[in-house]
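What TrEMBL says about this protein:
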{"type": "DOMAIN", "residues": "29-115", "note": "domain 'Pyrroline-5-carboxylate reductase catalytic N-terminal'"}
{"type": "DOMAIN", "residues": "257-399", "note": "domain 'Ferric oxidoreductase'"}
{"type": "TRANSMEM", "residues": "212-237", "note": "transmembrane segment"}
{"type": "TRANSMEM", "residues": "257-279", "note": "transmembrane segment"}
{"type": "TRANSMEM", "residues": "300-317", "note": "transmembrane segment"}
{"type": "TRANSMEM", "residues": "355-375", "note": "transmembrane segment"}
{"type": "TRANSMEM", "residues": "387-408", "note": "transmembrane segment"}
{"type": "TRANSMEM", "residues": "428-450", "note": "transmembrane segment"}
Amino acid sequence: MPQGEMRKPLLGGAAEPDVPACDLKSPAVGILGTGDFSRSLAHRLLACGLRVIVGSRSPDRNADRFPAGVEVSTQRDAAAQAHVLFVALFPDHYSSLAALKGELAGKVLVDVSNGTTLNRSRPSNAEELAALFPESSVVKGFNVLSAWALLNGPRDGSRQVLICSDDFQAKNRVALLARSMGFVPVDMGCLSSARDIENAPLYLFPSWGSPFLCAVCLFFSFYIYNFFRGVLLPYVIKGHNVFYKLPVEMVNETLPLVSLVMLALVYLPGLLAAGLQLLRGTKYQTFPMWLDRWLCMRKQLGLLSFFCAAMHALYSLCLPMRSSARYKLLNAAFKQVKLGQESSWMEQDVWRMELYLSFGIVALGVLSLLAVTSLPSVGNSLNWREFSFVQSGLGYAALSISTLHTLTFGWNRAFDPGQYEFYLPPTFVLAVLLPCIVLLGRLALALPCLSLRLARIRRGWETRLHQVHFRLPDEDMSTV
């Protein structure tokens, strides 16, 4: 790459920060390494008014990589002048710093490296660095930040910086440095926590695994049931070929079922937790592990429910565009003309469809509001009462309206024996069972006899079975 190009930002559209003048007599912050992360880190430190010196094995060749104001020197000079040094090298190259052990003694070394695979048993990179330099104070940190976040500042990336060290003073010094750069340091404890910090960037949506698996299982369960009931059996028994329904119509019939069940699964664990507290008569007993995990994944379940509902709306808008829909419309018109019917208006079906669409639009709107308020930037602007009203009050409203949407779709067909073809109930009958149970459970908890008792328990009241009594030793009444 030409040398002139190295002065440009790492990503297009990112402007270099305004570089304030720094005092040459002020303590320098060193960086060992000249990669992309080192360059972004030098940009950010320099923008904060700090004196930055970069240690390189080839300072003349790498000087043009960094903005004016950053000193690029040898690694030995950087180690001698700076008290805090960021080790921005691959862990395999840590041994190349062995010759600087004397200059690095008593210095603070910030390990910013990450692993390539999850480390569950080996020592962390930071612990290996501490073993190589026992006279230095090693701090793990800044590895969860990308070069983009460093170059553009905390406004365009995560603000949290996870740090850990066995040296309390060194850890505080790095924490103050992170705050001066606009980030929020999070103390993770001793250096033994470095393995968890290094593993953090390697996890792929750790809190989404179970909710996503649940959504996939529900989708395929309903889809296979619909395929078996509405496509395969009619073809085998009656010879009706409707396999054209598989790509669009069957998917569109399955998505709302998944969305409704997933939304019910958001509020079911809260009811189970309330029931356990009422049964136990105390709030000081922990929930079972499975229930605790279920409670922690409600946000992900709700967002997946919203995603399925939004996809259902898009699929529904595309239904009239299909060739099969146009052919069906033409066939229905031809039959009407052939039978001599002037009007095929059916008042009941018209009202059913109008109500069905209205409930669906309102339910999607409320779900959209719930999804927006789940964003940290929006949720942090709400107080607890507002957030509770939106997530609980409007959440149950969304579940109720979505259930009405499904019930209106079914109308009176749930009681029509003809709908139970091959002795299999329609899918909307199966999907509406769990939401109705959840709504009935919520109504039961709203009864005064239960709601007042639950409120007392959550304020700390306990039944006598769980109350702890303290008894003083009996006094000897024989002496006065």
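The backbone N, Cα and C atoms fix where each Cβ goes, and this holds for glycine too.
Curation does not apply to TrEMBL; its annotations are automatic.
Ranked by number of Cβ pairs under 8 Å to the transmembrane segment (300-317), the listed stretches 212-237, 257-279, 355-375, 387-408 are led by 257-279. Mapped onto DSSP classes, the domain 'Ferric oxidoreductase' (257-399) shows 120 helix, 0 strand, 23 coil. Taking H, G and I as helix, E and B as strand and the rest as coil, DSSP gives the domain 'Pyrroline-5-carboxylate reductase catalytic N-terminal' (29-115) the counts 40 helix, 24 strand, 23 coil. Relative to the transmembrane segment (257-279), the listed stretch 428-450 leads the set 355-375, 387-408, 428-450 in CB pairs under 8 A. Per-residue confidence over the domain 'Ferric oxidoreductase' (257-399) averages 92 (mean pLDDT, predicted model). Counting same-chain residues at least six beyond the ends of the transmembrane segment (387-408), those with a Cβ under 8 angstroms from any Cβ of the stretch are 256, 259-260, 263-264, 266-267, 302, 309, 352, 355-356, 359-360, 362-363, 366-367, 369-370, 373-374, 379, 428, 431-432, 435-436, 438-439, 442.
Residues 263, 299, 302-303, 305-306, 309-310, 313, 382, 387, 390-391, 394-395, 397-398, 401-402, 404-405, 408-409 of the same chain lie 6 or more positions beyond the ends of the transmembrane segment (355-375) yet place their CB under 8 Å from a CB of it.
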